[in-house]
Amino acid sequence: MLPVYPEVKPNPLQDANLCSRVLFWWLNPLFKIGHKRRLEEDDMYSVLPEDRSKHLGEELQGYWDQEVLRAEKATREPSLTKAIIKCYWKSYLVLGIFTLIEESTRVVQPIILGKIIGYFENYNPTDSAALYEAYGYAGVLSACTLVLAILHHLYFYHVQCAGMRLRVAMCHMIYRKALRLSNLAMGKTTTGQIVNLLSNDVNRFDQVTIFLHFLWAGPLQAIIVTILLWMEVGISCLAGMAVLIILLPLQSCIGKLFSSLRSKTAAFTDTRIRTMNEVITGIRIIKMYGWEKSFADLITSLRRKEISKILRSSYLRGMNLASFFVASKIIVFVTFTTYVLLGNVITASRVFVAVTLYGAVRLTVTLFFPSAVEKVSEAVVSIRRIKNFLLLDEITQCNPQLPSGGKMIVDVQDFTAFWDKDLQVLEDGDLTVIGDRGTTLSGGQKARVNLARAVYQDADIYLLDDPLSAVDAEVSRHLFELCICQALYQKITILVTHQLQYLKAASQILILKDGEMMQKGTYTEFLKSGIDFGSILKKENEETEPSTVPGTPTLRNRTFSESSVWSQQSSRPSLKDAAPEDQDTENIQVTLSEESRLEGKVGFKAYRNYFTAGAHWCIIIFLIPVNIAAQVAYVLQDWWLSYWANEQSALNVTVNGQGNVTEKLDLYWYLGIYSGLTVSAVLFGIARSLLVFYVLVSSSQTLHNQMFESILRAPVLFFDRNPIGRILNRFSKDIGHMDDLLPLTFLDFIQTFLQVIGVVGVAVSVIPWIAIPLVPLGIIFFVLRRYFLQTSRDVKRLESTTRSPVFSHLSSSLQGLWTIRAYNAEERFQELFDAHQDLHSEAWFLFLTTSRWFAVRLDAICAIFVIVVAFGSLILAKTLDAGQVGLALSYALTLMGMFQWCVRQSAEVENMMISVERVIEYTDLEKEASWEYQKRPPPSWPQEGVIVFDNVNFSYSLDGPLVLKHLTALIKSREKVGIVGRTGAGKSSLIAALFRLSEPEGKIWIDKVLTTEIGLHDLRKKMSIIPQEPVLFTGTMRKNLDPFNEHTDEELWNALEEVQLKEAIEDLPAKMDTELAESGSNFSVGQRQLVCLARAILRKNRILIIDEATANVDPRTDELIQKKIREKFAQCTVLTIAHRLNTIIDSDRIMVLDSGRLKEYDEPYVLLQNRDGLFYKMVQQLGKAEAAAITETAKQVYFKRNYPEITHNGHVVMNASNGQPSALRIFETAL
């Protein structure tokens, strides 16, 4: 059972040399594979021994246990933070040195730049010493650039690894704790909360480690830069710094606003997704009731509220991005305006040293430092939540020594005999893979697997919690006699059950009511004492032995059968009735298609659809010049400064050798244009951000509505083929990406892309020769990008596919917690969890390293570009002015981080466009027939309720097998018809054909109207159905009964009174307007079934269909439902699908179906006379007593209906001679 992965591929990092480690060369073989074909799981390198989940988790757990002990001694709260710090401080401190070197290099660069520009300012062709010095500086600048390129990525790789280790260790501890929670603690937490800790909270650790060092590096760097600026431009630097400092609180204000909007949005999103979940789960019911429009309105209104919040937060984000984009412009503007107004003269070296220094500090102060604060505060919250969880009570682990008595050997042989049938049905026998929480098994099969698992454990005491309720009568009897009574004969067995017919076999009976013991004793004692429960036992007894008291009408026997194919607690209720044929379980397994995943690149068509969904073509075309204008203004502002400096230095002429006389320029003219350019850069920057966000968020809105519309009109088959999670994923994750991340990433990409273009453009305009080395660099870059993306896409895909098993393992462990403990399997599950974690770590590790591999190479390209510009400008010194060199070089330096960020964002955009593709794919699904046609039936139709099936064939899909074959039948007006057949005979399919859940072949007429000629809503709203699974939706009780507000309050209350729910509803705080819990889970199954009955009563339709409506309710409710159906629907045509024959034995006629064909169709008693008939055989399978009782009822009903004069006082007069009713004699002779 343990997927202990064999050492697949040893990790090449273990024996890589230093050079290979620094440049990530050891990854090259992987890229070669990724270039040739798709990467699969076995291509991943195994985890480094020090990164294994077990090792990391146990290490941190040790520190935490020590901390808990220390805290107990000192009587304080234990601190998880302390444990984490103790565990990781050494390795993390070393990384601080990296940060120090990197950030100081960033500060050294501008100074060197100043020296190079200085050479140009005092250019003297004859001074070769100065030239060599300048070459020296250019060399240092190149070295700095290369060091930065390499150090930065090494640092990032190591801190991300540290984050990964911390996350993995935390997950291990959380899972370990979850397996040990006591009952009390389980009450204080929910599965959702634990999954949340594991999916969201621990992810904070991945991010916090990246930024943590900037908490000290940021302020330190700011102080050093301020000192250097002071040396360059004097007191004016404070003005620039002031702007920087003002931007910080402004950004944090926006951040605060943003997070408050965010939490409001999240609330709306949660409600929308929860409602979506219910819609998809209950789609069958919604379609049968014709309620699509009501739900469409509900979702649309929720989505509208959500989008209005999203738009606001997007505008905030846009402002934030724009402010980041123009911050440097404003800072430089303020600094130099102050500088000039204080009467100083501008020079190129001063301008560009200042610009570059601000550039260095701006990233750290406006991006890294605030991120660090934000991530640290998030991490603190997460740590607190995890700590509270880790401090919950545990169960005490005790292993008492058992006395070794003579062990009994169990013969399990009889038991396996029954499974054989089922194992033959399953494709791979006992090696068949069972879906998530057993979705591919029917309810009955699940119950039997569960029972088998218990019996194989060979324990001494067995606690069986109603294992018989999910199987039909025949199987139930088999399990009880052969398994519980025989196989477990020598064991102490406690059986909880509703099935009273088995009580005779019990050696001791306990009767519980409301959690207290009512009675205790043996079967015979109960019969004698005849107390409260005895009455039920007696009734049961009369039924099983009808000969005892003659003359009493028999009561319905009750076995809790639920032999529909998909179990009731299935995790994917939408698949519930998907397999109408039990024997065809295997083709259902096939139809759960693999989720389609589009290979390769995202097509142009997706982009086109995405943009045009958001706005008109004109607006999109208008976006282009706005973007270009913003970038031009951005570059011009810097260019104007360099031009100004050049003009100024040209005026520093020497007059008559009397020393320098500096003439003043027309200050206001230069300042005016400078201010104008700055303002336009700011305005354009903001305008384009807001526009892009507006277009992209609107397109997300439009596509969501189109997708939802298309889902509502999709045929039921679509929901059977696609598990609920897959559809929901489109509505939660993919739409979430489109609302949230995609617009942001897109805008970021456009900004950085234009900036890169700007940088290259400036450099080429200054030194046209640069274009020559640019061509090969460009080619290398494109080849690299294509090469990298092939592998990176696969790695990203592997990362997300290996993440899901971690969560599904956690949630199935939490659901089966008692089972795991009962079987003492905690160790095994912990190991399994660690194995899943290690697999994810393999993918995550590759994800980190491959992106660093690429980034190092990109930054190397940029470094080469910087070197070319630096040395190129020195070689061409004669033709250049200081200002131009300053502009070109300072721009080239900004390229370092920006270029690779731009490429990374372009890949991100492409990855997220996959979400758009997936959504667009769902906007164009095949549709079922229209809801209304031109031809509408008369409003009073159907008056009679006559149904005619004329040679009907039916299959769920065009290529699927026929589930109904050549069915021809007439159901008369007001007739009550029972439909019986084994599992998979086509009972539910008959109803599906009637409701046109898929289009039937052949003709179905209802009161002379051909059902295929009218709209689906016209058809479905005229038939009422009481479904097998009672479905309630979140919302008020009123909405659940009457979503379109078609009835008065009085009518609603009357309906509730009819089904005896009036008191229950009146006790609720807001009566009928009380919000129900998710899918009405605060009502019992029985009550929900009654609500469905109330819906049917309200609709007052002529045709009522009951699909085994009483399979999971208690006998009293069952009786009430049957009684109401008889009273309320006496004038209606009623079709009842039954698995339990006693519910329909008093019908007017019974249809017997077998593998899609109608085998028998007549009155029950007549069918029972045919000894070779299917119906007779079905009745006989119930056991002698039961069969006799049913036959007796059928006989009475038959005579009451056909010969009312012969039945005296409700009992048929028997002819003594041969037990045949005398009436039949007369009848035969009369013939």
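Placed from the backbone N, Cα and C atoms, the Cβ positions cover glycine too.
In TrEMBL, the transmembrane segment annotation falls on 741-760 of the listed ranges 81-100, 741-760. Across 134-157, 208-227, 233-254, stretch 208-227 shows the highest tally of CB pairs under 8 A with the transmembrane segment (348-369). Looking at 134-157, 208-227, 321-342, the range that has the most CB pairs within less than 8 A of the transmembrane segment (233-254) turns out to be 321-342. Counting residues 6+ beyond its ends, the transmembrane segment (208-227) has Cβ neighbours under 8 Å at 92, 95-96, 99-100, 103, 106-107, 156, 159-160, 162-163, 166, 237-238, 241, 244, 357-358, 360-361, 364-365, 368-369, 371-373, 375-376, 378-379 in the same chain. Outside the transmembrane segment (134-157) by six or more residues, the chain places 22-24, 95, 98-99, 101-102, 105-106, 108-109, 112-113, 115-116, 119, 210, 848-849, 852, 855-856, 859-860, 862-863, 866-867, 870-871, 874, 893, 896-897 with a CB less than 8 A from a CB of the stretch.
With a cut-off of 8 Å between Cβ atoms, the residues of this chain six or more beyond the transmembrane segment (321-342) that come close are 233-237, 239-240, 242-244, 247, 250-251, 350-351, 354-355, 358-359, 362, 366-367, 634, 637-638, 641, 667, 671, 674-675, 678, 681-682, 685-686, 688-689, 744, 747-748, 751.
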